[in-house]
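Record features (Swiss-Prot):
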BINDING   Gly8, Arg9, Ser10, Gly11, Ser12, Gly13, Lys14, Ser15  ATP binding site
BINDING   Asp56, Val57, Arg58, Asn59  GTP binding site
REGION    266-284  region 'RNA-binding'
Amino acid sequence: MVLMIVSGRSGSGKSVALRALEDMGFYCVDNLPVVLLPQLASTLADRNISAAVSIDVRNMPESPEVFEHAMTQLPDSFSPQLLFLDADRNTLIRRYSDTRRLHPLSAKNLSLESAIDEESDLLEPLRSRADLIIDTSEMSVHELAEMLRTRLLGKRERELTMVFESFGFKHGIPIDADYVFDVRFLPNPHWDPKLRPMTGLDKPVISFLDRHTEVHNFIYQTRSYLEQWLPMLETNNRSYLTVAIGCTGGKHRSVYVAEQLADYFRARGKNVQSRHRTLEKRKQ
């Protein structure tokens, strides 16, 4: 497991980096005192979770020896890595002017320029032992997040998770949906007394819907639409794409179609999840 320590001058992008690491599955803590690093790592060791912690000038130890000692106290299962973010002086000044935020050292009655310079001196012990230094002067927020994914995961884009969820319109449209498809016009197994108690996961219902050409046409056109735009969605700095399929009650048609779409994209190597809102409510 990795303990990623994120540091750098204020305004260089530590918060952006921490959010990107969280998207990559790291357990993230902002501004944790250095002396608590071993305790955090020990807590997470049994859960097999990598962690990322930001350290700025406000929680820097008084001497480098304190930091070194904390590193020696980490569980053997954790491999510490130090990421240091920086930007040139003019860029940091411009970013502070744009956001109108106070520098952490402004309480010492320093000018912004002096605060930036003093912070550089205070953080030098961390910078000198960094495993990776990234200059964010010419980077946008998205470019920084992309670079971290490339460096840490070895691939350019994060893996998009496709979520296919069924629902019933009479229960309301899911608020987390990126796309909503209405399948209430498809043949309805509800009107067959034998199929009515079943769901779209049961073989008799699957066989019923599988006999209808219009069902296959809808699934084909929907998956073709998603396939056409999926490459752009994957590069749009998002973690999830939620596709909601709705029928009247969320029990038969929407469940079947959601499962068919999920199976199709799963077979093509995509990271896919499926869930059925109405069926989950019935289990509760």
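The count begins at 1 with the first shown residue.
The backbone N, Cα and C atoms fix where each Cβ goes, glycine too.
Sequence features annotated in Swiss-Prot and their locations in the structure.
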residue	record	Cβ contacts under 8 Å, 6 or more apart
Gly8	ATP binding site	Lys14, Asp56, Leu83, Phe84, Leu85, Asp86, Leu123
Arg9	ATP binding site	Leu85, Asp86, Ala87, Leu92, Ile116, Glu119, Ser120, Leu123
Ser10	ATP binding site	Asp56, Val57, Leu92, His103, Pro104, Ile116, Glu119
Gly11	ATP binding site	Ala87, Thr91, Leu92, Arg95, Tyr96, His103
Gly13	ATP binding site	Leu85, Ala87, Thr136, Met139, Val141, Leu144
Ser15	ATP binding site	Asp30, Ser54
Asn59	GTP binding site	Asn31, Leu32, Pro33, Val34
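Annotated ATP site Gly8, Arg9, Ser10, Gly11, Ser12, Gly13, Lys14, Ser15; additional same-chain residues within 8 Å of its Cβ mean position, judged by their own Cβ, are Asp56, Leu85, Asp86, Ala87, Thr136.
Per DSSP, the secondary structure of the region 'RNA-binding' (266-284) breaks down as 9 helix, 6 strand, 4 coil. When each of the binding-site residues Ser12, Lys14, Asp56, Val57, Arg58 is scored by how many other Cβ atoms sit within 10 Å of its Cβ, Arg58 comes out lowest. On the backbone, the CA of Arg58 (GTP binding site) and the CA of Ser12 (ATP binding site) stand 15 Å apart. Each residue in the region 'RNA-binding' (266-284) has a pLDDT score, and their mean in this model is 85. In this structure, Ser10 (ATP binding site) belongs to neither helix nor strand by DSSP; it is coil. The secondary structure of Asn59 (GTP binding site), as reduced to three states from DSSP, is helical.
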